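Per Swiss-Prot, these features apply:
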- 31-151: domain 'MTTase N-terminal' (DOMAIN)
- 40, 76, 114: [4Fe-4S] cluster 1 binding site (BINDING)
- 178-410: domain 'Radical SAM core' (DOMAIN)
- 192, 196, 199: [4Fe-4S] cluster 2 binding site (BINDING)
- 413-475: domain 'TRAM' (DOMAIN)
């Protein structure tokens, strides 16, 4: 049986009004901005920040590229054939740009994100109609790039890793990233120093860098003032956070989480993505001591084979991961885990794959993401010998996902008949239905009053579906 806490720390119902700067209605004569976002939660956050930094230039969000004076395509380099997907989308946007040009309207087209960082020159060679190419570390320079693009005959490209940190120059966040602002993402760390053999992140996002504590707390308070009840802290390697604190010392993620938990109105804190090597004793203790820190942790392991973990340059063994899980569960018995797995890394044998399946059986995951290995140009694994055949990778992925699906179903089954605190974020698909999330990020649907949106209330889970739960309210009002 899955153990549950029936209540969480819940903030006062009355939230302070969102500051006047949040008046985001477009001014007369303003210009439309359409942002297309692919990839991770950090890209969602980055897109919001690019929107913020362009507001002083008169740009406001619009729903379609056809009505936009500027279009930003914020890209992701993680998936296979990521660059080709970008060029396909750029072909569509070229038609939009040309159609607007026939009507005497200009469209500034920008490509941002990790594909822009990795393929900047190739983008301009194959898509010369693109006006701006910028990497993830130069968003604070976007207004300057727009001005340069207006003056220049050619495109502007900025994919440097500048000495200054962009967060020192970006304005405070202006808009939440979800309808109603009940949940928000907050980037606190970027880059990675681990150099896993399969991963492009160190090359596209750069070295690990952390925002100062004061900057993080200021933005978090603003999010809460604007209605956020839950904040997810983001970073490529978020538990490596080492920001400068107001006391002049370096703060780790545990100390930052403690400070965030003290913000009135912030009921839930999450963080992603973590590396096992940076899950220190202080952070484990924070899961024990901070009720606002949700008992659901995404902790990628990638493989259960020590030989493959070494080939991946993960810096830990399968036994290290198992021991870490035991320490987490000892500190927080109700914690649940999700993870990432890659099948078919170069050199992976049947025995290596079986070791991964055994680790999954031993640990037990509430959720997981799994992928076939695909080479990323410039990474060590791309040129490694003993590449695994595609049909073998397909079979292994199918077997692994079947095991993970069984575990996810079992975890969700364990909630049926139990009372779970649910943060309601909006309406469900059916009339009179509300939708929210459990502490374990499970979607939960109930019938209830709109007054519960933005609040936490107890729900008795009655039924489990493939990817969601349904139940009935135990109480008709939020608890404090």
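Each residue, glycine too, has its Cβ placed from N, Cα and C.
Separating the Cα atoms of residue 196 ([4Fe-4S] cluster 2 binding site) and residue 114 ([4Fe-4S] cluster 1 binding site) is a whole-number distance of 17 Å. Most Cβ neighbours within 10 Å, among the binding-site residues 76, 192: 192 holds that distinction in the structure as shown. When the alpha carbons of residue 192 ([4Fe-4S] cluster 2 binding site) and residue 114 ([4Fe-4S] cluster 1 binding site) are compared, the span between them is 14 angstrom. Taking the domain 'Radical SAM core' (178-410) as a whole, pLDDT averages 96 in the prediction. According to DSSP, residue 114 ([4Fe-4S] cluster 1 binding site) sits within a helical segment. Cβ neighbour count within 10 Å across all protein chains ranks 114 highest among the binding-site residues 40, 114, 196. Cα separation, residue 40 ([4Fe-4S] cluster 1 binding site) to residue 199 ([4Fe-4S] cluster 2 binding site), rounded: 14 Å. For the domain 'MTTase N-terminal' (31-151), residue counts in helix, strand and coil come to 67 helix, 25 strand, 29 coil, using DSSP. Listed in sequence order, the residues of the same chain lying 6 or more apart from residue 199 ([4Fe-4S] cluster 2 binding site) and placing their CB within less than 8 Å of its CB are 192, 376, 379.
Residues 40, 76, 114 make up the record's [4Fe-4S] cluster 1 site, and a Cβ search at 8 Å around their centroid adds 38, 39, 42, 43, 75, 77, 78, 113, 115, 204 from the same chain.
In the three-state DSSP assignment, the secondary structure recorded for residue 192 ([4Fe-4S] cluster 2 binding site) is coil. The helix, strand and coil residue counts that DSSP assigns across the domain 'TRAM' (413-475) are 4 helix, 33 strand, 26 coil.
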